[in-house]
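Worksheet for the structure shown next.
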Amino acid sequence: MTLDPQIAARLKRNADGLVTAVVQERGSKDVLMVAWMDDAALARTLETREATYYSRSRGQQWVKGETSGHTQYVHSVRLDCDGDTVLLTVDQVGGACHTGDHSCFDADVLLHPQD
């Protein structure tokens, strides 16, 4: 799968050719996780609506939930004003975090909301 050249031209990638992907749950608006995408992962996500990311440690693409069953159906993808981050709005099945938690931001609260 090839990324549309008009989209590719708008991306500002890091030195490794990746953009940041922020993943938000459609219903709750919770931020579930942050991951990386290369052009091919973004192209696959846009074509299939299956959240696909790039693993820096493994050096390859991975489809969220392919092995765990904790899938993300992508409703929308938005590009930020700088072109270096995409926002995916998803329906999450199971935990989004590799720990099994609903969100990667469930564990440590550094500053609690004021009442």
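Each Cβ is built from the backbone N, Cα and C atoms, and glycine gets one as well.
Database features, via Swiss-Prot:
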{"type": "BINDING", "residues": "D80, D82, D84", "note": "Mg(2+) binding site"}
{"type": "BINDING", "residues": "C81, C97, C104", "note": "Zn(2+) binding site"}
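Within 10 Å of its Cβ, the residue among the binding-site residues C81, C97, C104 with the fewest other Cβ atoms is C81. The 10 Å shell around the Cβ of D80 (Mg(2+) binding site) contains 13 further Cβ atoms across the protein chains shown. Counting other Cβ atoms within 10 Å of each Cβ, the lowest count among the binding-site residues D82, D84 belongs to D82.
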